[in-house]
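A.B. asks: TrEMBL feature annotations, pasted as is:
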- B:17-197: domain 'Nitrile hydratase alpha/Thiocyanate hydrolase gamma' (DOMAIN)
- B:108, B:111, B:112, B:113: Fe(3+) binding site (BINDING)
């Protein structure tokens, strides 16, 4: 007798979802396309980096976190290319979150709205 | 105290992923590596302009025009480009034709390589770990989950896409379609039939 096989079900076979579930996914997608076109990396390099992220054991079986890995791969690659390190991205992301908090509802969120802006 | 219940939080919230994307966009723009306007154009293109209708036109032409089918078999990149479908992730294409003996199925075991110019961006299941690992090991089982039961004697050939080479499956032309023109034929060609997880529709099915 062979051991029972664990078969992961396919998420929504044949299902149709919007191309991007949230706007940030679209932006993350487009930044990679733009940087590749600018020649910052080859598509082979990108596929390899993305693959390494997607193969991490915490990747969701239903593929719902695909763009989380996509974004992570982008950060890995720009760090490797010396464009910006993790701390730089963390700092600017925190500034964006402070700016969001300081922006009244209904107004566009601008980085200038960060109360710490310009004082660092 | 008394006005506590009148106090409304009108602050905006950015979830952590959205904040990180904005941070990257800020940094990359400041360094002159991206242009926000160009980013918007790319998003719009993939949300609205590129999709499997392009591939359906290629397949319908191959069904109707034997010369085009031959060209598609010899040099898919050029044949597809002749219909105006060129660009990112379509630079090196190969068309694989289903026959009565052989069914073709496309996967990317590495990540999510996919022929964007003819099919748009891949569906969620194509990018998810179960499809990527199981399509190669158990293609028949995967097809069954898509509701596709092929005869035992039909061979299944699995093509693993790479960053350099993308595949388009040309499904078999359904029967009783001799009277249909290319435009009508294209409506029978589904996205899944061009990945290999489905067949072209029979006339009247839609």
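Every residue gets a Cβ built from N, Cα and C, even glycine.
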A.B. asks: With an 8 Å cut-off on Cβ-Cβ distance and a minimum sequence separation of at least 6, pull the same-chain contacts of residue B:113 (Fe(3+) binding site), or say none.
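C.D. replies: Long-range Cβ contacts: B:89, B:161, B:162, B:163, B:166.
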A.B. asks: Are there any residues in the same chain, six or more apart in sequence, whose C-beta is under 8 angstroms from the C-beta of residue B:112 (Fe(3+) binding site), and if so which?
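C.D. replies: Sequence-distant Cβ neighbours: B:122, B:126, B:127.
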A.B. asks: Does anything in the same chain, at least 6 positions from residue B:108 (Fe(3+) binding site), have a Cβ under 8 Å from its Cβ, and if so what?
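C.D. replies: The list for residue B:108 (Fe(3+) binding site) reads B:114, B:126, B:132, B:160, B:161, B:162, given in order along the sequence.
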A.B. asks: Once the chains shown are all counted, how many other Cβ atoms turn up within 10 Å of the Cβ of residue B:111 (Fe(3+) binding site)?
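C.D. replies: A 10 Å sphere around the Cβ of residue B:111 (Fe(3+) binding site) contains 25 other Cβ atoms.
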A.B. asks: For residue B:111 (Fe(3+) binding site), name the DSSP secondary structure in the helix/strand/coil scheme.
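C.D. replies: In the DSSP reduction, residue B:111 (Fe(3+) binding site) maps to coil.
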